[in-house]
Amino acid sequence: MVIQKGGCTVDQHSTYMMKHAWDNYVRYAWGKNELRPLSRRGHSASIFGSASLGATIVDGLDTLYIMGMEEEYNQGREWIANNLDLNNMNSDLSVFETNIRFVGGLLSCYALTGDVMFREKAEHVAEKLLPAFKTPTGIPYALVNVRTGYLYLLFSDDSLISLDEWVFNTEAHPLPIKGVNPLFREFASKNYGWASGGSSILSEFGTLHLEFTYLSDVTGNPIYRQKVDHIRQILRGMEKPRGLYPNYLNPKTGKWGQNHMSIGALGDSFYEYLLKAWLQSGREDQEAREMYDEAIAKIVLHMLQVSRQSKLMYFSDMKFDRLDHKMDHLACFSDRYMDIAKGITNTCHESYARSATKLGPESFRFTEALEAKAMKTNEKYYILRPEVIESYFVMWRLTKDQKYRDWGWEAVEALEKHCRVSGGYSGIKNVYMEDPQKDDVQQSFFLAETLKMKPKASSADSASGGIRWYSRGNN
């Protein structure tokens, strides 16, 4: 049975939402990475470098296909075939984001359609990521410059700027700068300066396996599988504090960075990909399953908590052996233990239900006086994320409990009330305000993930449900 709301099914309403998001992207930001729905122009986050790569097109195309939106799908396919080309780029790209949004999006379309153009484009993009793996350990850097060996100016204050950019922007970066002397350096890839002494991040280098192994399978080129299998072997062989995986690993020394563990931001999708790798393999990848089971058992032992007032179950962070009673929206993906999965999904729903907008914050905390609510300004925003809705979908499939579908519809209503604008859909800056300010960004993953979960969560068990078994890691 499909839920009927306002004369249409939730499936039909999801398609309606997708069409509104897509049509406005086409109208105001075609070929750009994302849409600014209020200012009605293109938007590009730093993860995409400075190039217009059509991230929304690549990321959301499989959703169009699953929803049967043929005209829009063909429009997007034509753009990818004629325009997606990284050969002339001069930009730093996030290896993680490029993999999950571009390689994953293209391989999803190939898996659905068998169209070899998508396979070829996926390999074209993945090839550009390979220089990031050129480290002493084989653990990849976070950022790769797709024009390998491009010349940069590196200042002693760690600021970095390409030579071309400096030549045309000397006012912003004059030479010499008092006390700051430039060096000519060549960089193909690097890490974020804030990441624990130049470490790589678990949720990034641990969220490549599904796409890279599948790409090797469909192209016959073993290099991609070799790269991610090597990462897995390094991780499996390392000593882990309390059996837990820290969020940072130095790619030069092969040693853990800061002793910070989380299944939210910085850790989340590593665990998700272990379980999905087992499923992707037809449940034959026992190594992935064992690593997942061992990791979750330690997380449950050391980080699973229950709040005092309402007995809400949550996963805390751990920093230097001390618990930080905070849980991220990104951690709201269902766990393998059914009782825990039910408890965590209920807690994530509470983070939505306890806000004025009925949408959940980026992070929420637990104290003596507060449960499942954000405290800091930089935790109160909602950027159209999919994780809670994905948990509703998974729990509905596993339990057939009607409440998960009802919760999914509540999220649809909240999105329509607070995030929909005439020019698309926007994130909001404070979920606790009745009339929140909007952030003016329609994230590509809103089309690729959040809206894809709507028909899944409301429909019967069908071929489309779970079709993206190597779906992107959480953004």
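Quick reminder: no glycine exception, Cβ is built from N, Cα and C everywhere.
Checking the candidates C332, C419 against TrEMBL, the cysteine paired with C348 through a disulfide bond is C332. With C332 (disulfide bond) as the anchor, the candidate active-site residues are E97, D268, E362, E387, and the one with the nearest CA is E387. Other Cβ atoms within 10 Å of the Cβ of E97 (active site, proton donor) number 23 in total over all chains. Checked against E97 (active site, proton donor) by C-alpha proximity, the active-site residues D268, E362, E387 yield D268 as the nearest. Recorded residues E362 (active site, proton donor) and E387 (active site) have their alpha carbons 11 Å apart, per Cα-Cα distance. When the active-site residues D268, E362, E387 are compared by the number of other CB atoms within 10 angstroms of each CB, E362 has the fewest.
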